[in-house]
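Quick notes on the structure that follows.
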């Protein structure tokens with residue numbers, strides 16, 4: 001596997017390193033530009049080829065292209081980007097072109113939602129839908145109440161509150177599944193847990209199907225083309241059961257329900273840190289094979 005460099009050593013950066021070590025990948029450079037002013041020289045000397053851009057600060061192609069000065073060949077942005085091609089493993093990798101030098105991995109929530117939406121849309125055709133992610137605390141939140149620009153609720157203490165927040169995760173699904181563009185939107189509820197989040201996807205279907213048939217199709221995908229990415233469970237699970245789970249999405253069959261054969265609520269769990277980090281390594285491996 002090609003040599004990998006990680007720029008940004010927060011929780012995602014650290015977990016990408018852990019996932020890389022477990023997969024015997026070759027990480028040659030780790031850096032955080034906010035702590036090390038000599039980053040570019042260090043990166044150049046280390047000779048990293050694939051840069052995991054995990055700072056959350058260099059989201060545009062213009063900013064991420066600075067890594068090429070240090071000798072990088074490819075940059076993977078671990079967040080949604082306004083202009084970089086966006087890929088979700090198991091959903092749209094067939095659109096990747098080896099000439100692409102900068103790509104986005106979307107968000108952890110999009111990586112959970114997109115495989116599930118793909119299965120439902122391909123089998124039952126989603127007409128429209130709403131998503132809510134009940135999301136674990138992130139590093140950008142406040143420990144206690146503090147100032148927070150335009151988004152006032154974001155300034156409230158993370159460990160004392162359930163905080164409604166905006167998210168582009170559902171809309172981003174339309175970028176990786178174009179036939180769903182404009183059909184999904186959603187919001188987030190930030191809750192005081194350290195890790196593991198859950199997606200609530202409520203959709204209206206064009207092709208009616210009882211909930212049991214929907215479960216069957218998801219199970220088939222989880223044991224077939226999306227194995228390792230999508231999982232299926234009928235266990236009585238809670239969030240801590242998914243700590244360090246490597247799947248992008250685990251469908252909770254017992255938690256979902258339907259109002260009728262065209263209106264259904266689907267629940268899926270994800271380790272918003274570790275599962276996502278494993279997909280970063282999967283994407284790098286895929287990109288290398290295309291060279």
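A Cβ is built for glycine as well, from the same backbone N, Cα and C atoms used for every other residue.
The Cβ of residue 108 (active site, nucleophile) lies under 8 Å from the Cβ of 197, 270, 272, 273, 275, 276, each of which sits 6+ residues away along the same chain. Secondary structure at residue 108 (active site, nucleophile), as computed by DSSP, is helix. Sequence annotations record features per position, and here TrEMBL assigns active site, nucleophile to 108.
Among the features that TrEMBL reports, NAD(+) binding site is placed at 11, 12, 32, 78, 272. Under the three-state DSSP scheme, residue 11 (NAD(+) binding site) falls in the helix class. Counted within 10 Å of its Cβ, the other Cβ atoms near residue 11 (NAD(+) binding site) come to 17, all protein chains included.
According to TrEMBL, the D-glyceraldehyde 3-phosphate binding site annotation covers 107, 108, 109, 138, 167, 168, 190. In the three-state DSSP scheme, residue 190 (D-glyceraldehyde 3-phosphate binding site) falls into the strand class. There are 24 other CB atoms within 10 A of the CB of residue 190 (D-glyceraldehyde 3-phosphate binding site), with all protein chains counted.
Positions annotated as domain 'Glyceraldehyde 3-phosphate dehydrogenase NAD(P) binding' by TrEMBL: 2-108.
Feature annotation from TrEMBL assigns site 'Activates thiol group during catalysis' to 135. All protein chains considered, the CB of residue 135 (site 'Activates thiol group during catalysis') has 23 other CB atoms within 10 Å. Secondary structure at residue 135 (site 'Activates thiol group during catalysis'), as computed by DSSP, is strand.
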Extent of the NAD(+) binding site in Å [max Cα distance among 11, 12, 32, 78, 272]: 21
Whole-number Å value of the largest CA-CA distance among 107, 108, 109, 138, 167, 168, 190, listed as D-glyceraldehyde 3-phosphate-binding: 16
Remaining residues near the recorded D-glyceraldehyde 3-phosphate site, that is with C-beta within 8 Å of the centroid of the site residues 107, 108, 109, 138, 167, 168, 190: 133, 135, 169, 188, 197, 272
From 12, 32, 107, 109, 168, 190: binding-site residues whose CA lies within 10 A of residue 135 (site 'Activates thiol group during catalysis'): 109, 190
Fewest Cβ neighbours within 10 Å, where candidates are the binding-site residues 138, 167, 272: 138
